[in-house]
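Visitor: Right, I'll just put the structure down here and ask away after.
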Amino acid sequence: MSNDVQMNDAGAEKRDDWVKITSSDGYSFLVKRSVAAISGTLKNMLSEDSSFREAIANTCPISERAAVVEKVCEYMSFKAYYEGPGSKEGVDVNEFTERIPPEVALELLLAADYLEGVLDSCV
């Protein structure tokens with residue numbers, strides 16, 4: 001009888017689920033919802049209180065090519081990890097900025113502007 005009902009904290013389950021971010025050239029990137037929520041735009045798209053198509057499908061299209069979307073996802077993960085609990089002293093933002101190819105930098109700034117400054121301090 002004890003296996004018939006399973007009690008879960010619905011909030012904890014939602015915080016740990018994955019969302020898909022798609023690029024304009026058809027590539028998809030899976031990130032945790034908490035990582036995507038670093039961007040104000042993606043957070044609003046995925047809000048459970050909205051009836052946006054993105055919230056229902058757990059998929060956010062970004063109208064940038066895959067190389068740019070990949071760097072956006074990478075930075076959101078970087079930021080989520082280093083802003084989380086625990087001491088992570090000695091981490092230099094240059095560690096991330098050195099991995100940005102010059103040919104992607106301008107597109108990355110435009111994407112960051114669309115995503116409400118998710119990359120505001122890295123470039």
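Glycine is no exception: its Cβ is also placed from the backbone N, Cα and C atoms.
TrEMBL entries are annotated by machine, without manual review.
Checked TrEMBL, it gives:
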| type | residues | note |
| --- | --- | --- |
| DOMAIN | 18-78 | domain 'SKP1 component POZ' |
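If you look at the structure here, what lies around each of the features I listed?
Guide: Per-residue pLDDT, averaged across the domain 'SKP1 component POZ' (18-78), gives 92.
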Visitor: Give me the DSSP three-state residue breakdown of the domain 'SKP1 component POZ' (18-78), ordered helix, strand, coil.
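Guide: Split by secondary structure, the domain 'SKP1 component POZ' (18-78) comes out as 28 helix, 13 strand, 20 coil.
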